[in-house]
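Copied over from TrEMBL:
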| type | residues | note |
| --- | --- | --- |
| REGION | 1-38 | region 'Disordered' |
| COMPBIAS | 16-26 | compositional bias 'Low complexity' |
| DOMAIN | 186-462 | domain 'SAM-dependent MTase RsmB/NOP-type' |
| BINDING | 279, 280, 281, 282, 283, 284, 285, 300, 326, 342 | S-adenosyl-L-methionine binding site |
| ACT_SITE | 395 | active site, nucleophile |
Ligand SMILES: C[S@@+](CC[C@H](N)C(=O)[O-])C[C@H]1O[C@@H](n2cnc3c(N)ncnc32)[C@H](O)[C@@H]1O
């Protein structure tokens, strides 16, 4: 899934379509003016960051579950924001940090010690935390446990040595992602693309917004410190609490990565048309379909996530027919002008904002999800009116969830044809993202400042 719930953030925004993760800049990285606030953030927030990292490495939903746990929620808002930002930085730089640890130790220390070194280094090199605070809090945490106490001298020496060195050694992009994924990326996209894809991990993503209409977008560009990145989309350089941003309450925009906005942006005016958005939560694409004029039915299997669709619709002032159901068995005889399947997937394309997907995804997950996508495509195809549009997309970088899936669908369903989109028709989309076949393969490094990795295929059902 491209957007997760329950992520800690500075002040959790109530209802963006996508909840942005806490940003390190929110917690004042070295590049920002420091007000010394980190000195007030103590041991609890750092221990919480370690818990988040451990949970993220253990299983796919680990980060979100840990961030929603009672222990985490007991922390103050500032502590949660700091812990979330620190954990995400560690996950974004994990390969690089572990490489440094490897170089600085003769024998790889136990995992608990590595966690401490990782959070210490991330604070020193990537956050606006005074060096002394980063070292002393890390050593204090080491003192608390039998398994880490014997290593406190080593931790102290390594961190101080790195501060003296002044900077981390340059990172080989290959080290930023797990080896199996690197091999897959090289095999699928070539070494140069793989290196570009890995390198975006070192940049903190900006926040992309989608608007109801271009006039609102242009009118708010200055207040939101943004630049246009699509027909109704803005890339904002603002950080912090979204609810304080211009016209949040007026519901003129919602958070949506530009790549996630691309599938619906491909469609023309939908006034007078009907749309079925299955796999709709948290609702970014539902809002886009309605903004284009479609009378929209939104379905999602998750009741909790569907609540976010309702919240988003309410804030933006839109309405849709909503059903909590499994779309592959949803019994509804209606056919629609547009059917959108934004299928559940490995979400490997979202690693800029959700770096835990890199470390918690396993090759077997991809195969399992490809089966689900196959079922959804076959179940929803009959819901497309003759001559209607069938949009399929995933925020995955794996071919099994994109190209292979669509080629197999077209072999099974002679009633559908692929619509060929080209760079000339869409000057807002990086030319490199258009495949000769006509589908889009959006890679994270193809846009300045990055974008989520996405696959988009636009099919048409043949007229009756
Ligand atoms: C990639 S997310 C959708 C993001 C959403 N389209 C947006 O733009 O905000 C996938 C969604 O599919 C839902 N889902 C997974 N399997 C489903 C099924 N069989 N039927 C309906 N929804 C499903 C998940 O609950 C999740 O909310």
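Placed from the backbone N, Cα and C atoms, the Cβ positions cover glycine too.
Spread of the S-adenosyl-L-methionine binding residues is 19 Å (greatest Cα-Cα distance among 279, 280, 281, 282, 283, 284, 285, 300, 326, 342). Each residue contributes its Cα atom, and for residue 285 (S-adenosyl-L-methionine binding site) and residue 395 (active site, nucleophile) these two points are 13 Å apart. Each of the recorded positions 279, 281, 283, 326, 395 was assessed for Cβ neighbours inside 10 Å, and the highest tally belongs to 283. A gap of 20 Å separates the Cα atoms of residue 326 (S-adenosyl-L-methionine binding site) and the residue listed as 'active site, nucleophile'.
Cα of residue 283 (S-adenosyl-L-methionine binding site) to Cα of residue 395 (active site, nucleophile): a distance of 15 Å. Mean model confidence for the domain 'SAM-dependent MTase RsmB/NOP-type' (186-462) is a pLDDT of 96. Taking the Cα atom of each, residue 279 (S-adenosyl-L-methionine binding site) and the residue listed as 'active site, nucleophile' are about 13 angstrom apart. Cα-Cα distance from residue 281 (S-adenosyl-L-methionine binding site) to the residue listed as 'active site, nucleophile': 14 Å (rounded to the nearest whole number).
A sphere of 10 angstroms centred on the C-beta of residue 285 (S-adenosyl-L-methionine binding site) encloses 27 other C-beta atoms.
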